[in-house]
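Below is one structure, written out as structure tokens; comments come after it.
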Amino acid sequence: MKKVRIGAVVAEFNYDITHMMLELAKEHARFLDAEITRVIAVPGVFDMPLAVKKLLLEDEIDAVITLGAVIEGATDHDQIVVQHASRKIADLALDYDKPVALGISGPGMTRLEAHQRVDYAKRAVEAAVKMYRRLKEDI
């Protein structure tokens, strides 16, 4: 079975959390006989769609994961960021016929909750690998 080549888009905002997510994602990818071959760091979750699109255009990338932590603030900004980014990210998967998995925690969570949810990175890798392999089975 071919090793799945994954591109990762990682938010720099809350980097203490997203860096842990990236390391966990790399480790889990190896466990699943996949590899994170390319990483693009972006300022925040809202900035992810353009980087996701760039990775989807690369022939050497089979699937993409997004890693971010959106922590609740004094306004509804966290809700808006996650809703808009996740919608556009899902649209890109459909537009480019490649799996894109969300490893974004939030909205509406505290910093402590974000630290407790770093395993969303593993879920994203798992979803990306499963989707890639299942879509290839039908060809």
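Using N, Cα and C of the backbone, Cβ positions are placed for all residues, glycine too.
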Can you tell which of Leu102, Leu135 Swiss-Prot lists as binding 5-amino-6-(D-ribitylamino)uracil with Phe13, Val45, Phe46, Asp47, Ala69, Val70, Ile71?
Leu102
Quick one: give me the count of other CB atoms within 10 A of the CB of Val45 (5-amino-6-(D-ribitylamino)uracil binding site).
29
Highest Cβ count within 10 Å among the binding-site residues Phe13, Ala74: which residue is it?
Phe13
Integer Å distance between the CA atoms belonging to Phe13 (5-amino-6-(D-ribitylamino)uracil binding site) and Ala74 ((2S)-2-hydroxy-3-oxobutyl phosphate binding site):
17
Taking the Cβ of Ala69 (5-amino-6-(D-ribitylamino)uracil binding site) as centre, how many other Cβ atoms lie within 10 Å?
26
